[in-house]
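Features of the protein shown, as given by TrEMBL:
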| type | residues | note |
| --- | --- | --- |
| REGION | 1-34 | region 'Disordered' |
| TRANSMEM | 65-92 | transmembrane segment |
| DOMAIN | 69-478 | domain 'Major facilitator superfamily (MFS) profile' |
| TRANSMEM | 108-128 | transmembrane segment |
| TRANSMEM | 135-154 | transmembrane segment |
| TRANSMEM | 160-180 | transmembrane segment |
| TRANSMEM | 192-212 | transmembrane segment |
| TRANSMEM | 224-243 | transmembrane segment |
| TRANSMEM | 301-322 | transmembrane segment |
| TRANSMEM | 334-356 | transmembrane segment |
| TRANSMEM | 368-389 | transmembrane segment |
| TRANSMEM | 395-414 | transmembrane segment |
| TRANSMEM | 426-449 | transmembrane segment |
| TRANSMEM | 455-480 | transmembrane segment |
| REGION | 490-537 | region 'Disordered' |
| COMPBIAS | 520-537 | compositional bias 'Basic and acidic residues' |
Amino acid sequence: MNRRNGNEVAGDRDSFQMESKALEQAPNMEQKNGKIMDSEEVENGKSEPINPLAMDGAFTAPDGGWGWVVLVATILVLALTLAFPSCMGIFYTDLQTEFQASNQETSWVPSIMTSVLHAGGPFCSVLVERFGCRATVMLGGVLSGLGMVASSFTHTITELYVTAGIITGLGFCFSFQPAVTILGHYFVRRRAFANAMSSTGTALGLCTLPLLGNYLHTELGWRGSFMVLGAVLLNCCVCGAVMRPLGGPRHRGQPLINHGPLQLKEEKLKGRMRALWVGLMTSLHRHMAFDLLRNNLRYRVYVVGITWMMLGFVVPLIYLVPYATAHDMEQSQAALLLSILGIVNIVVRPPIGLLFSLPWFKGCHTYVFSAALLVNGLSNSICCIDASFSVLLAYVVTYGLSMSVVGSLMFTVLMDTLDMSRFPAALGLLAIMESVTLLIGPPLAGILVDRTGEYFYVFFACSATVASSAVFLMVSFYWLDRRDRRALKGQQVPPQVPPPKPASGNNLVPQCQYRSVPTEGDKDKASDSEMGDVTRL
């Protein structure tokens, strides 16, 4: 369905998450005999050192060269994954007719796809740490392609939930997150520029995929379109193949069991269970910031506001095409609206990001973000005026402009609420919580359409949801800022007033008077002097 904008925001969120985890996902190093060793090789008894220049991204990242190829591949991966759910709206009516499904049942397909795409982030990080970015991206391309091809052979809506929702969504997750991760390895000095360029991939996909989906739908129907789109998604494997890892190949030693002494099976099992438990706790601490949610009030406010926002943020675009076609608009024109939305994001997002990075807006990011989110929520009411092309065009332009500001500042505001060392964990927990509302939002809207028979009630509900989250964030952060200012003012110590200086007449140079403090030696001298005077008398 037309979930591009919500996917862009959440996708940018995951992109920042994976970039922040880039250094964490590099192999652990240990020292042995003064040489840097991979931790796994140390455990396996491997004595061959690893060249530190081959593993340290600060030395090997070219900030160019083959990195530009990786950048182009990342843009294509983001276009094929994050923007893909937007073209599902082209087939919404056909899926309803084919499976005799209600709006609620049909809306579960893109809902599950988007939710799995974001919720699978921690699991994707584990695969990246174990197999590397290249293999994980290619695995994601295979899963997403097979999922869409299998969807063309489904006979029930439940089967479509599994193929298009779970399998394809998981493939999207495995493709785009490692792509952003390896981009952070290839670019250090130009990382900000590389991330800005890669973020245009979702907008590029939004411009092209709806038009491609509409053409395939006209020529082949929804089943043939799904099969062709599955083949298109296999290009993620090609993009992953060019993402070669930095550093030379590593030679693994023999398994640890061949080197260590013979141990009892019970002791081995206990040791493995302990290692598994420690690894699980470490992974939870790395990817889930539950302590921040409990102790950091600003982070808790932000998480609550963004999670509530996602309940209605992407829903309008899911129902935009069905709403337009239900009022006798050509499906090609409805697909064109989505392409215009992508063009607006491509044109506006880069300069908006540069503008709000200037020092003038320092300290105002939260309020600018909340104001843009308020405009974005209220813009959904425009759809209720009329379903003509001109009105919906005004809607997508307003939505795209406000969305560009929200997408540019969403993670800047999050970074302002916590220490950067905890940013990956905070972002991971936020992604999990968002996936819940992303999952239930479209089905709730489908229930509303089934009960009322009208689509504009969905736009009203989404307008109220997003606008209320904006007001909540604005008021809450304003109250927190006032509280912090009062606390800071109360901690300030009043300055000490220096004592008045003695008058020195007309001299310009002040006269300084000194007074010595008598010591023990001075007291002894004074006593001897007094005794001498007494003797003389």
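Including glycine, each Cβ sits where the backbone N, Cα and C put it.
Here the domain 'Major facilitator superfamily (MFS) profile' (69-478) has a mean pLDDT of 84 out of 100.
Per-stretch counts of Cβ pairs under 8 Å to the transmembrane segment (160-180) identify 224-243 as the leading one among 224-243, 301-322, 426-449. The transmembrane segment (334-356) makes no contact with the transmembrane segment (455-480), as judged by fewer than three Cβ pairs under 8 Å among residues 6 or more apart in sequence. The transmembrane segment (135-154) makes no contact with the transmembrane segment (395-414), as judged by fewer than three Cβ pairs under 8 Å among residues 6 or more apart in sequence.
For the transmembrane segment (192-212), the partner stretch with the highest count of Cβ pairs under 8 angstroms, out of 65-92, 108-128, 301-322, 368-389, 455-480, is 65-92.
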